[in-house]
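Accompanying notes for the structure given below.
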Amino acid sequence: MSPESPQQRNLSSPTIFLLSGFSTAYRVQVTLCLCFSLVYLVTVLGNLLIVTLVWLDNHLHSPMYTFLGHLSFLDICYSSVTLPKILGDSFSLKRTISFVGCLTQIYFFLCFGGSECMLLAAMAYDRYLAICHPLHYPALMSKKMCRCLVAISWLSGSFSSLIQAFLAAHLPFCGSNTINHLFCEMPFLLKVSCSPNAPLNKIILYVSAGTIAMGSFLLTLVSYVHIVRAVLQKGAGTQRTFATCISHLTVVSLFFGAGAIVYLVPHSSSSKVDKALALLYATVTPMLNPIIYSLRNSEVKQAIRKALHRGV
């Protein structure tokens, strides 16, 4: 048996990773900590309000609000995967995460992110049926169909993230254990790995994530193309419908656009640009979702007023 080379002996999985964070300056850390705390508080309270209203108010038990309830619950879980860790690292001089903790964060981040992609596509399809086929909407979007779409969203995100976490668990590391990012994320973990099969691993990882992300984005885009065409043909209520579409597409564009740049162009010339983009789809978008999708809705406002009246 031939002896192993030094490079082969060093191929292993580290027990701890170091996270570079955004900045080491004390004032910057304090400012970011306050901002992240405010963002997380607004995200949790806003989305928890929507989940509670959808659960308790019988008038919000339609498919559209069922999707909104699941989206809000996803946003709470999605932001909770990264923000508490980022907040904890703001008070620490040495930002570390264990190898198992890193894989766990990657799994749940991709799971909730992939599920949200599919759920956004399901919401766009629901709006397409409601606007383009209003007479057949109750039959096409039944409770059974709504539950199936929600289940597909959760299962597809879980399956895709399981594949990527499994592949990440078998990546070898032989050099630095410093991840130049705010949290554990696949493109930045791959930069640290020295696997001889890295190109193949990257292809599998990006195809797995791209299938869900690009597929759901295209479904969303096609649904809204048909919505806009139907609105232009009908003419009635054009301004209000366009306002809803633009609000929805704004958040969808931020979520998919920022994620596509980080995942499809991982070797950015500026690491701070990558971190800012990651913050955009990991923290800002979950905070904006309840405002854009729900809090501007008249039925949700009415449900809030009813809940306040009962409380008083």
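Glycine is no exception: its Cβ is also placed from the backbone N, Cα and C atoms.
Automatic, uncurated: that is what TrEMBL annotation is.
TrEMBL annotations:
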type     : residues : note
DOMAIN   : 46-293   : domain 'G-protein coupled receptors family 1 profile'
TRANSMEM : 37-56    : transmembrane segment
TRANSMEM : 106-125  : transmembrane segment
TRANSMEM : 146-167  : transmembrane segment
TRANSMEM : 203-225  : transmembrane segment
TRANSMEM : 246-265  : transmembrane segment
TRANSMEM : 277-295  : transmembrane segment
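Within the chain carrying the transmembrane segment (37-56), a Cβ under 8 angstroms from the stretch's Cβ atoms is held by residues 65-66, 68-69, 72-73, 75-76, 79-80, 83-84, 87, 283-284, 286-287, 289-291, 294-295, 300, 303-304, 307, all 6 or more beyond its ends. Non-local neighbours of the transmembrane segment (146-167) in the same chain are 63, 66-67, 70, 103, 106-119, 122, 125-126, 186, 201, 204-205, 208-209, 211-212; each lies 6+ residues outside the stretch with a CB under 8 Å from one of its CB atoms.
Beyond its flanks by at least six residues, the transmembrane segment (277-295) meets 36, 39-40, 42-43, 46-47, 49-50, 68, 71-72, 75-76, 78-79, 82-83, 109, 113, 123, 181-183, 185, 247-248, 250-251, 254-255, 258-259, 261-262, 301 of its own chain at Cβ-Cβ distances under 8 Å.
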